[in-house]
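> Before we start, here is the structure in question, set down as structure tokens.
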């Protein structure tokens, strides 16, 4: 509510000041990742400006931050011409293609001393933003490169799109500036968006790129405002004044100037690279790809020197000074030949698509989990369907959607069985869960999966006890519980198919070595529902001994940060089961020794390290350690590694391409540590 005693001039001045402050804070948060005020203070300032502009509409300006909320709906999109065409890029698919590009470039320039700027090729939607006297006046999609759709109202809703440019360098702002960038939705936000659509019965987006494109093409910008869009700027259209004002001689200098004006530039961009360094950087992108917050499908390579760019010129559809080095395709179409059902260690029935084998990203894919009946129904996936299958990094292949246009009428609807396909016991769907479960605890399929988990590296680590051997042992009724593994002898094992005396001896020795096990690995090995490695570590470091854990109530377990009610109930129910109690007792009778947390971590507890008892979050990509290696070393030094940032987090280790966790950590005042500092503390112990 506006104070009626305030003069119009005072209110006008306040509105102007609020707009200026909100623009600065918006750049600090979305571009610099360095907020200086709390979210609550930002919201209060925004609400105050909204109140002023609502009561005095004449005070609202085209570049007001309130425009991010959205404007009234359009009936159709207008189109407009790009002053300078938005060309596409030629593609490279191998190192040799890039070498050929370099050689062609060197021949035209008559020098091989060429430096490049490289950037991740974002899998999003290309747009152009036009600024006049520093204010956003027009936003266009790429369209056909010559004409694009006008999406100005929608672009204004994107938090990382500056509505007003920040003076930089010599303090001047170009009269006209056209910048180009990629609008994306990060992976986590995409999952959240699809969950909301699933809950409201709306069709799901196939991938983040489609979601971004669909969001930008909303006629009602108020819908766009609710979508988690963001932008990275990578270049310019008309920018003669900018280039002259800042005496810009390279692409890297151009990006730095754009950053000073308030645009968000991708932190993974590297400049001044030789050909060899370019090829090395591509390999680095392939490695870090799966850890990024957003999807990339390759790397863009640009000649850095602007004079060289001008000498190289352009072809009809693409510049000669840039090329896109694409990753191997991570999406392909294939046919679902059948859908089978597998039974997991907790009894969950999982439908699995048997695919016509297809090469995706260099890996032959012949099957993919369909998760549950709801997933199949929501996506309308059928046997004999042609489907789009996706594989990103090392992630398990996923059926994205059916290609309904290719249906022939031979497709069949899949129905989840009412009885377990292995033991034929009735199955049951639990309340509020999508999973269907076999309720027979003696089901051989469940037993096999539990045993495979039990002997895995994260559990008892019984080297040599593989899938086929476990199947034989269960099928011949030689093993019916975890405890039976510790009674196996050389003669029994040697009698199995494809098993000689030496192999049998090695397995017996591996079983013997496994008998001494840390509490956290013991808990993980048991395969309790909702209890993975992180939960097992939290339980171990909280209760220290199995005896203390057995006495804990579900309420006490649920109170541990990182242990939810499902895990708490599962652990209590597991240890209350008489059969499980008997199995654990038999294991101990056969020589299993559970090392208490205090014994396992004695070095960390008796000789406190920098990380002792600290809650640590890892984000981004580390250059020298994998995520699991870093986690292991932290835990060895007494740290508690958690997955999300909260007010209780002590340290955030920020690797390359750190995202939203870094922003949140800064806003909460969490200590942020780069990789070099992190390694130094680890090495000091």
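Our numbering is plain: 1 for the first residue shown, then up by one each step along the chain.
Each residue, glycine too, has its Cβ placed from N, Cα and C.
In case it's useful when we look at the structure, here is the feature table from Swiss-Prot:
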ACT_SITE  121  active site, N6-AMP-lysine intermediate
BINDING   39, 40, 41, 42, 43, 88, 89, 119, 142, 182, 302, 326  NAD(+) binding site
BINDING   420, 423, 438, 443  Zn(2+) binding site
DOMAIN    606-685  domain 'BRCT'
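What's the neighbourhood like for these features in this structure?
In the three-state DSSP classification, residue 121 (active site, N6-AMP-lysine intermediate) falls within a strand. Long-range C-beta contacts of residue 121 (active site, N6-AMP-lysine intermediate), restricted to its own chain and to partners at least six residues apart, with a cutoff below 8 Å, comprise 296, 297, 298, 299, 300, 324, 325, 326.
Cβ-based neighbour count (10 Å, all protein chains) for residue 142 (NAD(+) binding site) stands at 20.
Remark: residue 423 (Zn(2+) binding site) has 438, 440, 442, 443, 444, 445 as non-local neighbours, by Cβ distance under 8 Å and separation of at least 6 in sequence.
Averaged across the domain 'BRCT' (606-685), pLDDT for the predicted model comes to 83.
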> Work out how many Å separate residue 420 (Zn(2+) binding site) and residue 89 (NAD(+) binding site) at their Cα atoms, rounded off.
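Taking the Cα atoms only, residue 420 (Zn(2+) binding site) lies 53 Å from residue 89 (NAD(+) binding site).
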> According to DSSP, which kind of secondary structure is residue 302 (NAD(+) binding site) found in, if we only use helix, strand and coil?
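Going by the DSSP assignment, residue 302 (NAD(+) binding site) falls within a strand, counted as strand.
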> Within the domain 'BRCT' (606-685), count helix residues (DSSP H, G, I), strand residues (E, B) and coil residues, in that order.
30 helix, 18 strand, 32 coil
> Quick one: give me the count of other CB atoms within 10 A of the CB of residue 420 (Zn(2+) binding site).
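Step by step: centre on the Cβ of residue 420 (Zn(2+) binding site), count other Cβ atoms within 10 Å, giving 23.
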> Which are the residues of the chain, 420, 423, 438, 443 excluded, whose CB is within 8 A of where the CB atoms of the Zn(2+) site average out, their centroid?
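Apart from 420, 423, 438, 443, the close residues are 343, 347, 419, 421, 422, 424, 425, 427, 439, 440, 444, 445, 446.
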> Are there any residues in the same chain, six or more apart in sequence, whose C-beta is under 8 angstroms from the C-beta of residue 302 (NAD(+) binding site), and if so which?
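The answer is 116, 117, 118, 119, 251, 309, 321, 322.
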